[in-house]
Ligand SMILES: N[C@@H](CCC[C@H](N)C(=O)O)C(=O)O
């Protein structure tokens, strides 16, 4: 199996080119690839597959050529990964599967528009929907937060300052309400930043991601945090600088879209054998699944 490794502000991914969807990817293989000691190490896997070759994406075939089949490090799926889309797009361009400039990428949460430049990649996610409140608990302390849907679920909890943010123990998952988040949730903690030119708000955040643990950055989480920061100053559109442990993301919310911008790079390419990871692959049923999905949609 060939792979590439890339990251966006430290949120890192193993990228698996499987253009015609024949690789029988399993949760076990994903977890083994993402293992930081016994595998390649990553927060998640991005499988690169044509939309018409994957059952979850066949419906997007007219709108995007490529589907980002995203998996968390523990082998679970997620609907959206904002940094993933940006790194995936960098890979498409560097591997010669897409020209630079503008492109579209299909995800489980819909088709995302992407703008690629050498320094930065900007992905147009759906506008975050702030829809209620819930509570997270860390080390016995209770944090009230805003529930936000960015295609995937988020809980944004405000803390008072950078010191409180730095002191949070995120080595294990914050506790959250299963009733409010039956499929789990990504929990962000957000502290006020300093006034910066050119933005309406500046915040610093840390995140504990569903299925991956604490990461250096989460793009969809930064969008959720930005929407809450803008609402806190009475705005529903505007520009927010979000500092994550891995760097800075700039979020621009307009009436319909949440533009997530920042660097995204490919750092390595190579080959890996599933047997070396102690994983045996089942036989692929991919083609049959795609035909069944197409027949179901007709
Ligand atoms: N790091 C991602 C989010 C990845 C998915 C998330 N862990 C989930 O399960 O929803 C991002 O950049 O958005």
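Placement of Cβ uses the backbone N, Cα and C atoms for every residue, glycine included.
Features reported for this protein in TrEMBL:
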- 11, 72, 82, 83, 152, 186, 209, 210, 219, 220: substrate binding site (BINDING)
- 81: active site, proton donor (ACT_SITE)
- 81: active site (ACT_SITE)
- 218: active site, proton acceptor (ACT_SITE)
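Here the features listed in TrEMBL are painted onto the structure.
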residue : record                       : Cβ within 10 Å
11      : substrate binding site       : 33
81      : active site, proton donor    : 32
82      : substrate binding site       : 29
152     : substrate binding site       : 27
209     : substrate binding site       : 28
218     : active site, proton acceptor : 35
219     : substrate binding site       : 30
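Cα separation, residue 218 (active site, proton acceptor) to residue 11 (substrate binding site), rounded: 7 Å. Note: the Cα of residue 11 (substrate binding site) and the Cα of the residue listed as 'active site, proton donor' are spaced 10 Å from each other.
Cβ atoms within 8 Å of the centroid of the Cβ atoms of 11, 72, 82, 83, 152, 186, 209, 210, 219, 220 (the substrate site) belong to the same-chain residues 44, 78, 80, 81, 84, 207, 212, 215, 218, 221, site residues excluded. According to DSSP, residue 219 (substrate binding site) is assigned to a helical segment.
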